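S.K.: According to Swiss-Prot, the record shows the following:
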ACT_SITE  SER254  active site, schiff-base intermediate with substrate
MOD_RES   SER254  pyruvic acid (Ser)
REGION    293-322  region 'Disordered'
COMPBIAS  308-322  compositional bias 'Basic and acidic residues'
Amino acid sequence: MLNSFKLSLQYILPKLWLTRLAGWGASKRAGWLTKLVIDLFVKYYKVDMKEAQKPDTASYRTFNEFFVRPLRDEVRPIDTDPNVLVMPADGVISQLGKIEEDKILQAKGHNYSLEALLAGNYLMADLFRNGTFVTTYLSPRDYHRVHMPCNGILREMIYVPGDLFSVNHLTAQNVPNLFARNERVICLFDTEFGPMAQILVGATIVGSIETVWAGTITPPREGIIKRWTWPAGENDGSVALLKGQEMGRFKLGSTVINLFAPGKVDLVEQLESLSVTKIGQPLAVSTETFVTPDAEPAPLPAEEIEAEHDASPLIDDKKDQV
């Protein structure tokens, strides 16, 4: 009965306005009130502030600053084996496994379309048919920055407008095509393990989705698909990120979906649905053996990232996708 009521609210409540209100409130400096809200949040969700670079809640001017708080480097060591891809986020694995042609498992008895997840981009979908996927849910208590599973060269980013359903166990089991319906940012990378997609999925109360190379992607919420592309390799304007490096963040949190090409990686055997994830721990292993890591690409300076973002053309029409 209670679950039915909660599901009904998902369809009745004005999720967009609630999200805008939450984003507005979380960005405001309210002095003692901000600290009180943070303290209550920490207590209710049992947030481990000892891991944060700034463990004192009084040091955060806004709730958003607290929510995207950086962690101390030593609390998330990155596995250095060149054959290992690491977990991109703190959270819990919702589902994982093989992509069956165009079908991805959402919950027991519920699948959704790979092509729909990728906003109808069938060429991108072809890269991952019969490949591997991992869906990681970030709860409110988790660290909400997202990191790279491996070295990667950014090739494409697509913003897809959509619904703002909550993303949790209840909605995954009961809202059809949940991840293909919600707002999301799709990031496609070239890696030594083949193409990899890392998808940041929005939800109710997720105030914004950001990337390190382009800043805030949403809001504003304009209701149109947007697409950006970047050059390959070491060409001028390329964006290179290292294994374990931050690539994005949620202000209030949601879900990360990783897609890997067929035959390129095997997921770590002990991982299963509801496994706890920590950034830097093994997620998958290459099906090939790398004796030594390839030369690591140098991270792009911040000013060049900003310049590239300003120069990248926007394509606002769905039909212009490749």
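Note that Cβ sites are derived from N, Cα and C of the backbone, with glycine treated the same way.
Describe the structural context of these features.
M.R.: Summarising the environment of SER254 (active site, schiff-base intermediate with substrate), the number of other Cβ atoms within 10 Å of its Cβ, over all protein chains shown, is 29. SER254 (active site, schiff-base intermediate with substrate) falls within neither a helix nor a strand when secondary structure is assigned with DSSP, and so counts as coil.
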